[in-house]
Structure formats: structure tokens, C-alpha cells
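Structure record follows, encoded as C-alpha cells.
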């Protein structure tokens, strides 16, 4: 039951068209510990949806939920995360997930925070599970997997259990809420660098500013021709957070990256098992060119953020080389056989 003091804070927030960051943290913190009744959660989410998500809403909610998250021992410097908001309705192959594996095979330290599908047929967890990459690792074994492979997956519900307090209301509302935007921001690894796709291009600058507030040193926010990916079917809008804290906005075309141009239909995917098979084909060099170039575009951005290359084009070409010479295929063949969820240490 919502306490009188908590209800007072909520009412003040609902009546405030321009809340501060501190006020947002104050109103979202009770939500992380289940202090709101469902009707009050619905009022908060609907109000933010109606007036439009602001910097304070997103940054404040992220800080409140990160404070309540279960910790992960490897954090910050040298880590990169990649995710998208989803909700673009395109139902493409798992581009960002596949690109993350290419980047990890090329030495980028990827701690990917994700979940099962919400708005598409296959979320990152669904396709990784189909690739025999373990999901339900305890913290110690997730660290071991990362140290062995440069990659580990942090299953969002395991590290952000506070989100469960809002799930019934989200499902009942049946419209997008601030939590569609929040998911990619809540990695307990608090990565130094991040690429995030947004289905709503109006959120690009806003998310870049939130990244800066959350301590990211370099980040890319992208919206590709209606999708939450770097597009090989049209123009991609980019907001780049640089190390000096400035945010630069620009556009890129597939040709700028040295890649082909395709249609969105060329990238349509299916269930997690189907997308996993498509990914294996791309890694083996037998998949469609559209799949190869789409994954290379996003992996290239990860190499760029990591400081391995000087441009997005150079990054895409590096990704193509890793696919062409079999590096990524060999990486997957090696590491899908490691399952620390079943491997007992000598101290067990």
C-alpha cells in the first residue's frame, strides 16, 4: 500500500511539468522496492507518457533502478554494452547481438545486458540460448565466461529484480512506457562505452545526454531508417557522445561504411532458433550479403567506440575481415562448448 509520504511525493511529481533529476530519483525509488499500488504505478507511467519523456525522467529512473540492481563485479573501464529499445516493429534478425559476438571475437570486452523478446519474435536471450551460449550463470561463472571469451550475458531479470514490481502494470497498459527506453540503460556492469539503438528518433539527443549523466565516456545512439539499428537499407541518424562530453549529431549511409544497400525485407528474421541458424550461416560465410553487411555495420561501430579503429568505415571493414577469415566462426565454435553453469570449481 502506498504510504501517505510516498503518495505526497508522487502527487507533486505528477503535477510538475518539468521535474528535476533529484525529484525523479525520489519518485522512482519507492517503485524499486514495491511501495506503490498498481493504480499509482499506472498514474506515473501514463503521466510521463502523456507529457513526453524528459531527461530527468529517464536519467532519474535509471539511477534509482541501478541503485537497486544486483551488482556485477566487473564494471566500468574497458567494457562495452550494446542494445536497442526494440519496438520498431521490423522483426529483423538479431543484428546487434550478432554484431556483439563479432566484436568480442575481435577483442572488444562485451558485457551484454539483455532479455527475452518483448516486441519481436526473438530477443537477445532467445538467440544466444539457441547458439548454446549460457544465460543463467551465477556471478562467478559469468565472470569466468567473460575472462575466457571477452563476452558474457547478464540476463536482465536476474540483475534487475525490481523491474518485476512494474511488469503487471506495463502488461495491462498495453502501450509503450518509459521502461521500454530504460532497459538498455540498466546494465549492472555500468560500461564505459555503449551503443544503443532507439526506435524513436526523437529520443536520440536525449539518450546521449542520459549516457553522459550515467558516466559513459563514449557512446553512440542510432536510429536507422525506422529501426533501432545502424541501417543498411537507408539513412542512419547518429548521436555520438565524445570523450570531452560533447554530443555530435550526423548521418551515415551504407555506402559511407563501404557496405552494400539492401531492403528491410532482406533483414527480416524469425524465432530465436531461426535467427541463430542465420547467424551461424553469416559467420560461416554462407549467409546472405545483407545479413553480413548489417552485422558488420554494427560491429564496426563497436570497434570504433572501443578505439580500435579511427572511423565507422574502418570498423565495418574490420568486422568484414573477421567474418571472411573465419575468426568469428572459430570463436563461437570454441566458446559455445564452455558452459560454466555446469562446470564446478575445485572449491565446490
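Using the three backbone atoms N, Cα and C, a Cβ is placed for every residue, glycine included.
According to Swiss-Prot, the feature 5-phospho-alpha-D-ribose 1-diphosphate binding site maps to 84, 87-88, 92, 94-97, 112-120, 124, an assignment based on sequence analysis. Around the Cβ of residue 92 (5-phospho-alpha-D-ribose 1-diphosphate binding site), the number of neighbouring Cβ atoms within 10 Å comes to 23. Under the three-state DSSP scheme, residue 92 (5-phospho-alpha-D-ribose 1-diphosphate binding site) falls in the strand class.
In this structure, residue 115 (anthranilate 1 binding site) belongs to neither helix nor strand by DSSP; it is coil. Annotation comment: Swiss-Prot describes 84, 115 as anthranilate 1 binding site, evidence class sequence analysis.
Annotation for residue 229 (Mg(2+) 1 binding site): spatial neighbours 84, 92, 95, 96, 197, 222, 294, 297, 298, criterion Cβ-Cβ under 8 Å with sequence separation of six or more. What Swiss-Prot lists as Mg(2+) 1 binding site is 96, 229.
Taken from Swiss-Prot, the feature anthranilate 2 binding site applies to 170. Counting every protein chain shown, the Cβ of residue 170 (anthranilate 2 binding site) has 19 other Cβ atoms within 10 Å.
Marked as Mg(2+) 2 binding site by Swiss-Prot: 228, 229.
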*Give the residue from the binding-site residues 96, 115 that has the most other Cβ atoms within 10 Å of its Cβ, counting over every protein chain displayed.*
96
*Does residue 228 (Mg(2+) 2 binding site) have same-chain partners at least 6 apart in sequence with Cβ under 8 Å from its own Cβ, and which are they?*
84, 85, 86, 87, 88, 197, 198, 199, 222
*About how far apart, in whole Å, are the alpha carbons (Cα) of residue 170 (anthranilate 2 binding site) and residue 113 (5-phospho-alpha-D-ribose 1-diphosphate binding site)?*
20
_Under a three-state reading of DSSP, tell me whether residue 170 (anthranilate 2 binding site) is helix, strand or coil._
helix
